[in-house]
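Novice: In case it's useful when we look at the structure, here is the feature table from Swiss-Prot:
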TRANSMEM  33-53  transmembrane segment
TRANSMEM  135-155  transmembrane segment
TRANSMEM  160-180  transmembrane segment
TRANSMEM  195-215  transmembrane segment
TRANSMEM  241-261  transmembrane segment
TRANSMEM  281-303  transmembrane segment
TRANSMEM  317-337  transmembrane segment
TRANSMEM  347-367  transmembrane segment
TRANSMEM  368-388  transmembrane segment
TRANSMEM  415-435  transmembrane segment
TRANSMEM  452-472  transmembrane segment
TRANSMEM  489-509  transmembrane segment
Amino acid sequence: MNVINFIYSIFDKKLFKCGTISSRGLFYNDLNFFHFEIYFLLALITFLIFFVILSNKKNYRSYYYLNVGGIFSNLLPFVVILLLIILNTNTNDSYYLFAGFYYNDAAVVFFKNIILIGFLIFTFAIKQYLSYFKYYDFEFILVLFISLFSSLLILNSNDLISLFFIIELQSLTFYILVASKQTSSFSTESGLKYFILGCFSSGIILFGISLIYGFTGLLSYTDLTLFLSEVYVTNFILDSSFFSFSGFLIGFLLLTVGFLFKLGSAPFHMWMPDVYEGSPLLITAYLSTLPKISLIFVIFKLYYYVFFEVFLFSQGLFTLTALFSILLGSIAAIYQVKLKRMLTYSMITNTGYLLLGLSFGDISGIYITIFYLISYIFIMIGLFFCFLSLRDRSSGLLVKRINLFSNLLEVNPSLSFSIFILLFSIAGIPPLLGFYSKFFLFLFSLKYKMYWMTILFVIFSVVSVFYYIRLVKLMYFNRTTGWIFLYDIPFLNSLIISFITIINCLFFFNPNLLFKLIYNFSFYLYI
């Protein structure tokens, strides 16, 4: 017996649950399943070594030429593009690894593609942010890269414990990013608030997982699915022989509350306004878009697959939090005078629409939620790119108050038009992209006979249009005596803003392309 076979014989063969793994040995073909993760980690380690050895030496002659912002912002797009290429080499593989801890299929690859494409767009905003503020510390970039890795790894989780650990890794990076603006005490305060309340929500999730494990003895998604299908009988009546099922339901509801807290839905939104206002605008843009993709995927996996037999208990909670989020977000945003607080309440409103789609409980819910999620992220990235391009003339800082948008039409008509289109799109004005997402959401609500809820959602959707129109009114009809914005927008940022604006305007010519793509991947999550 050679050395490789001897080492392989030591391992329990249950470690590899998938039958597609080669029997020749641990070191022959098994690493083929981890090309994406290996390349990601190698890139992370390479950047870390380079920054620690060279970039952090301030007495080194070329430190000011080889700054972190310049080097990383130029290399990062190529790294992400290579990640996309490696990710899509084996898109049809479906397999379990490490006793079911790790899972991959076409739906996971689809969501990873969305996150990576979104992050690729963000790399150009990162370049502008670092170069303008002369931010040379490598920790910011490193933590941002780790947060991306954790967001991608969440999608492969197939066990409640591994899911919790990865969510905690992601949360730790978020705490650091929120408090990354060292010159601002407000940023430090926001990071501390986020840390305390984030730990509280993590404790709720962990307590729910412990109750689920205590009353079932299971943590694997696959095992829990089989177990619940056995104790559940027809007509939505629980098997009375499972005497401790009530304790399981408490854990299930605690897990649901923890995820709603992470999503920032009302009434679990208390942390969002202060945290998002205190964090740098780039981090606010990042936290409000890409991490939501991984959380929504986890909710799909848990509530449409693992806990589908008891989905009825969370369906009402999803509907109520959706209504409360839309109500609170629509009304509270009207009274905001600060840009980031207004956007935060807009995010809470859109989270309510996402939860409404999740409450449907079938493939239609998956389809409309994914479509709304992609539309929302696409529009919000465009809006944040516009806002990151605006700086106050007197202070040179990014715009904080909405009254500073006065007279923007005279300063930059093209940017004013882009903001106008994107605001109307997220408000749901036809025939823009955002209109289709809300239209199908309300259409499916009527299909499931949620008549009163649909009426309320439409009313508050109209109310939310007010604060978007108010911003447009400031740009187009308010006049000021001075020029507020006199800073050039980088070419790549202008290109991205123009592209997103054009797609929003031209989407209605051929919407079936995106519809069919999302509908096909919805089956992977539902079947």
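A Cβ is built for glycine as well, from the same backbone N, Cα and C atoms used for every other residue.
Worth saying up front: this structure is predicted, and the values here are computed from it rather than measured.
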Novice: Six or more residues beyond either end and a Cβ under 8 Å away: which residues meet both conditions relative to the transmembrane segment (195-215)?
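Specialist: For the transmembrane segment (195-215), the far contacts come to 160-161, 164, 167-168, 171, 174-175, 224, 244-245, 247-248, 250-259, 261-262, 268, 270-271.
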Novice: Where, among 135-155, 347-367, 452-472, do we find the most CB pairs under 8 A to the transmembrane segment (281-303)?
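Specialist: The listed stretch sharing the most Cβ pairs with the transmembrane segment (281-303) is 135-155.
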Novice: Could you check whether the transmembrane segment (489-509) packs against the transmembrane segment (135-155) - three or more CB pairs closer than 8 Å, residues at least 6 apart in sequence?
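Specialist: Stretch pair does not touch.
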Novice: Does the transmembrane segment (347-367) come close to the transmembrane segment (317-337), meaning at least 3 CB pairs under 8 Å for residues 6 or more apart?
Specialist: yes
Novice: What same-chain residues lie close to the transmembrane segment (415-435): Cβ under 8 Å, and 6 or more beyond its ends?
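Specialist: Here the qualifying positions are 346, 350, 375-376, 378-380, 382-383, 386, 389-390, 408-409, 461, 464-465, 468-469, 471-472, 475-476, 489, 497-498, 500-501, 503-505, 507-508.
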Novice: Would you kindly list the residues that approach the transmembrane segment (452-472) from elsewhere in its chain, counting only those six or more residues past its ends and only Cβ-Cβ distances under 8 Å?
Specialist: 319, 323, 326-327, 329-331, 333-334, 336, 342, 346, 349, 353, 356, 402, 405, 419-420, 423-424, 426-429, 438, 441-442, 445-446
